[in-house]
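As annotated by Swiss-Prot, carbamoyl phosphate binding site applies to 56, 57, 58, 59, 83, 107, 134, 135, 136, 137, 266, 267, 294, with the evidence given as sequence analysis. According to Swiss-Prot, the L-ornithine binding site annotation covers 165, 225, 229, 230.
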């Protein structure tokens, strides 16, 4: 049994095996109806709990479909359905759920909730997102890059805007998959030093460049994410927009990257803010392949968690 809690907590060889398996599973499904079962059914007769303290489209649908394609069933639980950390301890919730289900995926705010769930659960726990990390997304991103351009090792990735939880997982992935990462954004939105330090210790070149044009020069992949959260107050949104506007990914900025550079965004996007529709719908963009690959990457993650 394995937990999938973060990129840096998983062996690099296991991460590589998951990416390779995800690609093979995707190829095996080409041309099949979405509800058709996979040839192999590693989740047959298995029940997976999908816990959402934060709203979700891609995470919920991709995990639900993936479990069903591999022969399992899902139980979707929201914060309103549970007493997670309110009235009942997370430890007790983890112990109880372990008696009912074979695997737990949790999308939560506080990373400590994920850690405690994994500590006390007797079944695999998967990090569907926390305020500090989003490893499933980055596995999909690596898969997407490699199916379009080949191995990501040695490539230059540029992250624009806010050094948020997705950026943090990208830095972990830089260390584990051997690519370099340049962050371009205002100083107050820099990634945490521990994430950059991990990648540097692994031999990746991690650079902070305030000038977005200089940052994307020679880039193989340019990545953007939303500048604001649904929970931000209006005044905070306006302030963030003013600070981050110079880091918008538009056609002019992409012209400074390599001619065959890819553009990614984990979605949902605020079009014309962090990136323009011209870029998002243009020839560099692979955002919808990226969204689809959440399904395939997570199926490989679930198989790994169960040793299947």
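Residue numbering: from 1, along the chain as shown.
Glycine is treated like the rest: Cβ placed from N, Cα and C.
According to its DSSP assignment, residue 56 (carbamoyl phosphate binding site) is coil. Spatially, by CA atoms, the binding-site residues 56, 58, 134, 136, 266 include one closest to residue 165 (L-ornithine binding site), and that is 134. Among the binding-site residues 56, 58, 134, 136, 266, 294, the ones whose Cα sits within 10 Å of the Cα of residue 225 (L-ornithine binding site) are 266. In three-state terms derived from DSSP, residue 225 (L-ornithine binding site) belongs to neither a helical nor a strand segment and is classed as coil. Taking only the Cα positions, the spacing between residue 266 (carbamoyl phosphate binding site) and residue 229 (L-ornithine binding site) is 14 angstrom. Each of the binding-site residues 56, 165, 229 was scored by other CB atoms within 10 A of its CB, and the lowest score goes to 229. A gap of 20 Å separates the Cα atoms of residue 136 (carbamoyl phosphate binding site) and residue 229 (L-ornithine binding site).
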